[in-house]
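One structure is given here, and the rest of the page talks about it.
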Amino acid sequence: MAEVGEIIEGCRLPVLRRNQDNEDEWPLAEILSVKDISGRKLFYVHYIDFNKRLDEWVTHERLDLKKIQFPKKEAKTPTKNGLPGSRPGSPEREVPASAQASGKTLPIPVQITLRFNLPKEREAIPGGEPDQPLSSSSCLQPNHRSTKRKVEVVSPATPVPSETAPASVFPQNGAARRAVAAQPGRKRKSNCLGTDEDSQDSSDGIPSAPRMTGSLVSDRSHDDIVTRMKNIECIELGRHRLKPWYFSPYPQELTTLPVLYLCEFCLKYGRSLKCLQRHLTKCDLRHPPGNEIYRKGTISFFEIDGRKNKSYSQNLCLLAKCFLDHKTLYYDTDPFLFYVMTEYDCKGFHIVGYFSKEKESTEDYNVACILTLPPYQRRGYGKLLIEFSYELSKVEGKTGTPEKPLSDLGLLSYRSYWSQTILEILMGLKSESGERPQITINEISEITSIKKEDVISTLQYLNLINYYKGQYILTLSEDIVDGHERAMLKRLLRIDSKCLHFTPKDWSKRGKW
């Protein structure tokens, strides 16, 4: 068995922790750092295959020294493009690299879409030609069993979901059914390349390079051991004390403090409670700077220009970085607008969360970063932020999508919002003149301001799309309908467009913003 003094950075061994059920478990963890406080060693551990927000300092009593794995000495590897080659490349990038090295030419798909493996009984149905309309006596029964969704490359000759083809609605067994027409009489390909998760981030399955602009941008570099470790112990913000999840580039001298004190109105940071109290006697703000563009009840939204209110915007980014791992901080906030959601009481407007967006986005992004502060999570505020971002897009007359990559919690929130919003549209369709109502993907996108790609990926994620006799059929089972109705009953916070006072600006005509 190894001794405590032999433990170094890079070692792996089981570490005792409590799980969600308050039970002891021994997951494998990596030692990222070692420090000595008053003669007692502390070890900063990252639990393998766990989110980094669970990383923590532990004592040697929680380490299983019998199963320690010492780091292997790595052979020196040549650098690629002038960058150190100590960290293995991501699988997505290694595949094309290996293919090029072998001299093979990779096929470039013209289009990528999602397909479903349908049961054989659905594919071969007696009676009727492919061009005939589907009737309620067809085989479109509610599909109660779980089927795996698959991604496949589609050649130009293979039909893909049409964005303008109308969707028909007809009832069966008390549940609504939608049928989206497409090119008839073509067979589907069956080769599978991945899962529907890929459709959220990019159309070709290969992550794009991060944009090096803006206040918070994609972070793909985790080589620096310093940025892999939480550096702030605790933050006091108003009546809340927050435990940061990730590294944030606050000044080095603040990282040794037991508590970092923030003014909840201007977000300036101080070393002590005395500093905060002195600041509060001088701070005139009782709400975020900028214009209040929405108020309903106790909820307000403030629009803040990253150029006009640079200090506040930078402090907001520093605070947000404590809870966002997939982004890295930049101090150029000029190209961004910040929308801060607050909750009002007799003391002022308290920050709940925020999202930022580019003043000019060539990729139709309506959100760059989005965050609900931990004390307000799981209360419906996340969806309210998302709904507000799309409400702004509606006023601007645009469709929008969040900047990728999304965090794990962000992806869950967006999928939930997209699903509820699209199902709300589909279930609200009414028939006219006795005919089945029809709708296209383009129309759904225009009504909701959700980008067409997100509409399609959501329908695929919900497993609503089936291909039958040359048509793409949207099938809403009773389980889907019941689940949606239950979810909407719990969603009490909604954006009221009548309470929004917002005039979009044409930033392209304003020079340097």
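All residue numbers here begin at 1 and follow the chain in the order shown.
Backbone N, Cα and C atoms are what each Cβ position is placed from, and that goes for glycine too.
Pulled from Swiss-Prot:
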{"type": "DOMAIN", "residues": "8-65", "note": "domain 'Tudor-knot'"}
{"type": "MOD_RES", "residues": "K52", "note": "N6-acetyllysine"}
{"type": "REGION", "residues": "69-106", "note": "region 'Disordered'"}
{"type": "MOD_RES", "residues": "S86", "note": "phosphoserine"}
{"type": "MOD_RES", "residues": "S90", "note": "phosphoserine"}
{"type": "MOD_RES", "residues": "K104", "note": "N6-acetyllysine"}
{"type": "MOD_RES", "residues": "K120", "note": "N6-acetyllysine"}
{"type": "REGION", "residues": "122-220", "note": "region 'Disordered'"}
{"type": "MOD_RES", "residues": "K148", "note": "N6-acetyllysine"}
{"type": "MOD_RES", "residues": "K150", "note": "N6-acetyllysine"}
{"type": "MOD_RES", "residues": "K187", "note": "N6-acetyllysine"}
{"type": "MOD_RES", "residues": "K189", "note": "N6-acetyllysine"}
{"type": "MOD_RES", "residues": "S199", "note": "phosphoserine"}
{"type": "DOMAIN", "residues": "227-504", "note": "domain 'MYST-type HAT'"}
{"type": "ZN_FING", "residues": "260-285", "note": "zinc finger"}
{"type": "MOD_RES", "residues": "K327", "note": "N6-acetyllysine"}
{"type": "CROSSLNK", "residues": "K430", "note": "SUMO1 cross-link"}
{"type": "CROSSLNK", "residues": "K430", "note": "SUMO2 cross-link"}
{"type": "CROSSLNK", "residues": "K451", "note": "SUMO1 cross-link"}
Other parts of the chain folded back onto the zinc finger (260-285), taken as Cβ under 8 Å at six or more residues beyond its ends:
232-238, 250, 253-254, 311-312, 315-316, 318-319, 348-351
Those recorded positions, out of K52, K430, K451, that come within 10 angstroms of K327 (N6-acetyllysine) at the Cα:
none
Which of K52, K327, K430, K451 has the fewest nearby Cβ atoms, counting only those within 10 Å, among these recorded positions?
K430
Could you state the whole-number distance in Å separating the C-alpha atoms of K451 (SUMO1 cross-link) and K430 (SUMO1 cross-link)?
24
According to DSSP, how is the zinc finger (260-285) divided among helix, strand and coil residues?
10 helix, 5 strand, 11 coil
Need the DSSP three-state call for K451 (SUMO1 cross-link) to compare against my parser.
coil
Quick one: pull the CA-CA distance for K430 (SUMO1 cross-link) versus K52 (N6-acetyllysine), whole Å only.
48
